[in-house]
Every structure is written in structure tokens, then in C-alpha cells.
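Novice: Can you keep this structure in mind? I'll have questions shortly.
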Amino acid sequence: MSKLTTGSFSIEDLESVQITINNIVGAAKEAAEEKAKELGPMGPTAMAGLASYRSWNLLLLDRYEPVLTPMCDQCCYCTYGPCDLSGNKRGACGIDMAGQTGREFFLRVITGTACHAAHGRHLLDHVIEVFGEDLPLNLGESNVLTPNVTICTGLSPKTLGECRAPMEYVEEQLTQLLATIHAGQESAEIDYDSKALFSGSLDHVGMEVSDIAQVSAYDFPKADPEAPLIEIGMGSIDKSKPLIVAIGHNVAGVTYIMDYMEENNLTDKMEIAGLCCTAFDMTRYKEADRRAPYAKIVGSLAKELKVIRSGMPDVIVVDEQCVRGDVLSESMKLKIPVIASNEKIMMGLPDRTDADVDSIVEEIKSGAIPGCVMLDYDKLGELIPKIAEVMAPIRDAEGITAIPTDEEFKVYIDKCVKCGECMLACPEELDIPEALEYAAKGSYEYLEALHDVCIGCRRCEQVCKKEIPILNVLEKAAQKSISEEKGWVRSGRGQASDAEIRAEGLNLVMGTTPGIIAIIGCPNYPAGTKDVYNIAEEFLKRNYLVVVSGCSAMDIGMYKDDDGKTLYERYPGTFSGGGLLNTGSCVSNAHITGAAEKVAGIFAQRTLAGNLAEVADYTLNRVGACGLAWGAYSQKAASIGTGCNIYGIPAVLGPHSSKYRRALIAKTYEEDKWKVFDARDGSEMNIPPAPEFLLTTAETWQEALPMMAKACIRPSDNNMGRSIKLTHWMELSKKYLGVEPEDWWKFVRNEADLPLAKREELLKRLEAEQGWEIDWKRKKIISGPKIKFDVSAQPTNLKRLCKEA
């Protein structure tokens, strides 16, 4: 008897009876395993489970020891508690502070992973329903389409339908991971860290499925370095037109709105703009042929409340992720209808999915309902523009805005009693009382300066005893700068092409391109948006390859040089040294890890399928890269960063990120931790302490710069590469911290490693300060370095990769 597989069949001899079998239990997995056999070489961890990467994870965690920063001394997780875990005490269940802190961090990571995976599931199911499961994956000039999927599952999907198996794999593993959170399950902090790293790898699978599905189905730019430039900023909005604002991360519903606008010639009659990652993806829609874009980006998550308070939107449509919990309540104050288009965020609104569009418009126009849930995307596409057309003249006639008049502004300023409660409540510790004091004397520039630094959380307003609407006051003071707030950002180009990887791979591995700097994440910056611009510009000037995504990519586009050009206009969008490559929205972060993985797979010919440890070992030892999530706030940021860490890619976070409760920092003075194998013969070899962390925080962007440059040093750097990297690290430290690093000499293997412009000076210092023997006639180092340079050395942490093994 032939085996049953997925699909359907009918028994024709039975009258009026049809039996349809949608799925055979186990058939999908069997089919996936059969498919995997077609892929060729396979590593040892295809379809990895909770324990599959444990040996690799523990190897990482042995060098990069977890540094725990608990938020409090109690555990309130079950009804035995709350339990005091201070002073090495254990809770009633037996867990200690380390275990509880590990569990808390792990919970954040799997929450972020689940968020991206659920996004991917919703999007994948929808595009399969609309475009069919046989739609080919088209990501541009690439054969390695899904490096993260292939590494974790062994699969290499070529169609939308084939993406189901990796999606099901992620969902199954997430269920297993979530189970370990339950009381009476895992209690060892080190194993929570291992599971967190595994969850991070799953996150990049979920993100990858999400983005490849939408790039293929929605005709996004496909590995396109010339993806269109998009207007960004509140000053880019034409206030004479009705304004639709989309907020969230899942663009599926918004594409229907854009289709309706195009079919009904509305693109020049109304504005459509976005906040957060939906904004990026709506500007990528149908842009593969580089048509003139009309969708705009208002800004990042930090702009949500500011945009609502401005009164500019005539209707807001929300989907999922990074949507403020007060969007509806704040919008209701200003008669801005809110339409929820995704089951994950319904805001208590009435469901009108089955109602007639015109009847919904009438309900909203009359004020009978403040908005509704609309899950039928065909109706959503028609509903949103119709609401905007109806509400715009009504709201314009009433002049609705939360921004105070000149008279109200003065009254609010004079009400301040300088109690300082607002400053204490502010996550950024902004000196609001001082700014109000200056404003009372007629100097408004201090208030205006707070506009950019303010993250728009309104915590200050809730503690103000005088009930001053502080956010509105800040926005009033900054009206001129807001009206001029206009920049350019390159639309998300998707992944790096195989050809780009081949061309740039050698430079990255040898170190002649100093490194990949990935600037990603949320806008919870410690001192305003210009920090990420400053960091990006500094590294671009030094020929680093800068990759950006999400809110950080938006904020980088808000600043211009003296010639009025943004970084996106000044630097090419190519995957090469000195390139500024915007991959797109949050889910496109998978293409950043994917690029490092493709260097291993394409340039170094490493097997990707089911082979995470070997690929990660390669990136840790050979691919200079460092991530920056300077404003990280969400659980998704934790999972994205942890997914980078399992691949040996370090990440620097902003000062708020100590609240994630865990860092991974090595002890550079423990020399035994800095030994690896030489794959040529299995012998031990010393390596420099680089990277010296996998996850850490910095207090200022000036501190972050040299940290990131140092984190791009790799054991495999050739002399020219090491010299270039040392030059940048030492110069950045001197420029921004006022001192050269104390440990620069640890990275010198011979005189050719030294920065060329300072070689003689540094040789003198090595002789005087470190006691190294120098042949001054030949200007060569005779003795001193503990690390010997061998151009053919093959550093690896995996004994099984050594030839003797």
C-alpha cells in the first residue's frame, strides 16, 4: 500500500460522499525530512530541539559569563510567594536569585520570539490564501534564500507553501520552551541562558519567514541597493489633505488600503503615513520596480503619542506590536477614529467585520462608536479612506488639536511650582522644571530642546500636581522645528545578495573592511535620536559596513549635513565597506544575521543545513561584526539580540537595557578562556580577548563607539586587517574618551599589526611599557607577544572540526 502524504483525495464510488484529508499526522514532518535529504550535506542539528545546541551554548557561556542584574529581590511567580531571594536565600519552590533572574530574562526572549513568530504565521497564512502556496520565493539575485531557516531546520524553502514547515517547527519549539517557565520546571540559571540562546535562534527563523513571505508576495525591493528614498518626519505631511496613519508591524491590512487608494485615484488627494515598522513596509509595497513612492513615514514608536496629540491624523489603523496602550483613549479626546485590523490588538472596540462599510462610516461620523474592529481586509481597504474623507472636514472645522494656544501655553508654564516630580518620573530624567523656569522668563529654547529627547511616554503628566499637560507644552514650544522636521530614509532593500557576499566576504574575514555595524531596535534612547546618527556617521566615515533596520533606521534619516543631505543620500545602499544598508522593518533583522551566515556558507563554503555550531564558530572567529540596539525597550529587542549572540555576534545596548536583567561579559584576564584549536592539526592556539562580550551596555554613545570597534576584532584578521581595526579602535577611544585603550598591546602579534601612522611610536611604547624586545634596525618585534601570527591558522572552538578528529 502506498504511503499517505499531505494533500487530498476522493472516493468516487460513494454517491454524494466526498472524503477530504487535509493533513496526515506526521506527514508534514516526513515530507520535510524527505525534502531535507534533497539538500545535500547536512549538519548534526537539523530540526534542533531544546538540548541540540546546549553544548555550543555552554561553550559560549563558559567564556562569556552571565552577569545578572535583577530588578528586585523578590519572586512573585506563584502562590507560595512572594519569596525573598536576597542574601542567597531560596524561595519556597527551591529556586534561587540566579535561577529566577535567568527565568525572567528567558521569559522576555521567548515573548519576543513568539511575537515575531505569530506575526510570521498570520502573514504567511494570509499571503498563501491570496497568492497561493506555489508562489516562488523571490528575494533578488540569491540562491541562499533562507540561511536562518536552513541552519536551524535543514530545510531550504523555495515557495510560500514550503515556508509552512519551518513555521510549524518554530511554533512547536516555542511550546516546549514556554513549558520550562512553569513552576517546578527548570531552575538552573545557566540552562535558562542556554534556552534563551536557542529561542533567539528561533526568533531569526520566524523573522526570516515573515520577511521573505512579504518581500515575495508584496513585490518589495529585492536585495536592491537603490531602493527608493522615502520622506520621513512630521514636516513631510501635507496638512491640507486628509491623513491616514497606520501604526504597528504587520503590513498585510495596509496593502488593501493602498490598493483602494490607487484604484480610486486617491493617492494625490490624501496622505497615508506610518509609525513604527508598518511604516517601513508600506513604503516597500510594490516598490521592486522603483516606482515613485507616495506613502510616508512619520517616525518611530516614540512619535506615536506626539502625532496623536498634534491632531493631524483623521483616522488611525492599528495592526500589531509596538502600539501604545492609550492610542484609543488619546484619540477619542481628539475625535480621531481608531480601527483595529488584527486579532492581537482589539482595544475593546466593537467588531464590525460583518457590517456594511457605509454603515460603519455613518456610525463613526455620528460619534456612535469611537472606532471598530475590522478583520476583513477587503472592507478595511475601502473603510479607512472613506473615514478619512468624511472626518477630515469635520475635524478641520473644529480645529481639533491638543496643542495649547499661546494663552494656554503661558498659563501652563506659570503653573509649575518646580516640585521636580516630573523629572523623577521621566525615564530619561529630563530637567523639565528647569526648562519651564526658563520658559517663564521668555526663553523657550530649553523646552524646544526637550522635544527630541522626550520619548513621549507621558509619565511626567501623570505625577504633575498642577495637572500641566507637559507633553503638549513641549510640542507647543517645538512647533517651528516640528514643521521643518523632514528627512529621507532608504526603503528597506531586503537581504544582501549572494554576489555582494562573494565580493565582500574576503574583506570581512581578512579585516580590510573593519567590520559590520548593525544598528537596530527601538527608540528608548538615553539622550535623543541623534545618538544613532552620530554612531552611524562615524563608522561610515571609517569604511565600516553599516546595516540598519526599524526605528533606528528611521531616526538616522532625520539629520542632515551642512549640504542638506542625509546619510542615505551620502552613502550607497550596498553591502560593502562604507555602505549604509537598510534591510527594512524589524523582521528584516533576520537578513543581518543571515548576511554573516552567508559569508560562512558562500564565501567559506561551510555547510549551512542543520549546522548552527559550525556556522556560529566561523562568525565568532572570523567575521568582524557588532550590533547596536541603543534604544532597546521591547521583548523583541531582547530576542533579536540573543539570536545574534548564539551566532557569536556581540551586541551593545543602551543604558536602559540593564533592565533586561542579564549581560554576557568575558573576563579578559583569564587566559585559559582565550584558547582555541587550530583546525589544521588540533593543537591549542592563543587568541586575543576578542570579542570580549556578547551582550553588554554602555552609558553614552561616545563610550559605545570604541567598544563596538574593538568588538569587530577577530582572531583570523590578517596583518592589514588587524592594523586597520586597531587604528579605528585607538582613534575612537582617544577622540571620544580622551584616552587610548590600556590593553591595545594584547592584540599585537607582530609589528605589521600596528597602526601604520604610529608604528614607530607604538614600538617604543611596547619596549618601554611591556618589555618587548625590538630590533630597531629592522623595526621588527623580536619577542614579547603571547599570540603568534600565522596567516594560515584556522581558529575554531570545535574539536570535531580539527583534521586529527
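Every residue, even glycine, has its Cβ placed from backbone N, Cα and C.
In case it helps, Swiss-Prot gives these features for our protein:
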- Cys72, Cys76: [4Fe-4S] cluster 1 binding site (BINDING)
- Cys75, Cys78, Cys83, Cys93: [4Fe-4S] cluster 2 binding site (BINDING)
- His116: CO binding site (BINDING)
- His249, Cys277, Cys322, Cys522, Cys551, Cys586: [Ni-4Fe-4S] cluster binding site (BINDING)
- 407-435: domain '4Fe-4S ferredoxin-type 1' (DOMAIN)
- Cys416, Cys419, Cys422, Cys464: [4Fe-4S] cluster 3 binding site (BINDING)
- Cys426, Cys454, Cys457, Cys460: [4Fe-4S] cluster 4 binding site (BINDING)
- 445-474: domain '4Fe-4S ferredoxin-type 2' (DOMAIN)
Novice: Using Cys76 ([4Fe-4S] cluster 1 binding site) as the reference point, find which of the binding-site residues Cys416, Cys422, Cys551, Cys586 has the shortest Cα-to-Cα distance to it.
Specialist: Cys422
Novice: Could you tell me which three-state DSSP class Cys75 ([4Fe-4S] cluster 2 binding site) falls into?
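Specialist: Strand, per DSSP.
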Novice: Using C-alpha positions only, work out which of the binding-site residues Cys83, Cys426, Cys457 is nearest to Cys322 ([Ni-4Fe-4S] cluster binding site).
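Specialist: Smallest Cα separation from Cys322 ([Ni-4Fe-4S] cluster binding site) among Cys83, Cys426, Cys457: Cys457.
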Novice: What residue among the binding-site residues His116, His249 has the most other CB atoms lying within 10 A of its CB?
Specialist: His116
Novice: If you measure Cys460 ([4Fe-4S] cluster 4 binding site) to Cys78 ([4Fe-4S] cluster 2 binding site) at Cα, how many Å is it?
Specialist: 33
Novice: In the structure shown, which of the binding-site residues Cys78, Cys83, Cys464 has the fewest Cβ neighbours within 10 Å?
Specialist: Cys78
Novice: Counting by DSSP secondary structure, give me helix, strand and coil numbers for the domain '4Fe-4S ferredoxin-type 1' (407-435).
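Specialist: So the counts come to 18 helix, 0 strand, 11 coil.
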Novice: Same chain, not part of Cys75, Cys78, Cys83, Cys93: whose C-beta falls within 8 angstroms of the C-beta centre of the [4Fe-4S] cluster 2 site? Give them in sequence order.
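Specialist: Apart from Cys75, Cys78, Cys83, Cys93, the close residues are Cys76, Tyr77, Tyr80, Gly81, Pro82, Gly91, Ala92, Ile95, Gln100, Ala183.
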Novice: Reported as an integer number of Å, what is the Cα distance between Cys277 ([Ni-4Fe-4S] cluster binding site) and the residue listed as 'CO binding site'?
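Specialist: On Cα coordinates alone, these residues lie 12 Å apart.
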Novice: Once near-sequence residues are set aside, which residues in the chain of Cys426 ([4Fe-4S] cluster 4 binding site), 6 or more away, have Cβ atoms under 8 Å from its Cβ?
Specialist: Ile432, Arg459, Cys460
Novice: Using a 10 angstroms cut-off on Cβ to Cβ distances, just flag whichever of Cys72, Cys422, Cys586 is the loneliest among these binding-site residues.
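Specialist: Each of the binding-site residues Cys72, Cys422, Cys586 was scored; lowest Cβ tally within 10 Å is Cys72.
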Novice: Between the Cα atoms of Cys72 ([4Fe-4S] cluster 1 binding site) and Cys83 ([4Fe-4S] cluster 2 binding site), what distance do you get, rounded to the nearest Å?
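Specialist: Checking the Cα atoms of Cys72 ([4Fe-4S] cluster 1 binding site) and Cys83 ([4Fe-4S] cluster 2 binding site) gives a distance of 11 Å.
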Novice: Cα within 10 Å of Cys586 ([Ni-4Fe-4S] cluster binding site): which of the binding-site residues Cys75, Cys93, Cys419, Cys422, Cys464 qualify?
Specialist: none
Novice: Which residues, in sequence order, are found in the same chain with Cβ within 8 Å of the centroid defined by the Cβ atoms of Cys416, Cys419, Cys422, Cys464 at the [4Fe-4S] cluster 3 site, excluding those residues themselves?
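Specialist: Close Cβ neighbours, site residues excluded: Val417, Lys418, Gly420, Glu421, Ile432, Pro433, Leu436, Cys460, Val463, Lys465, Lys466, Ile468, Ile470.
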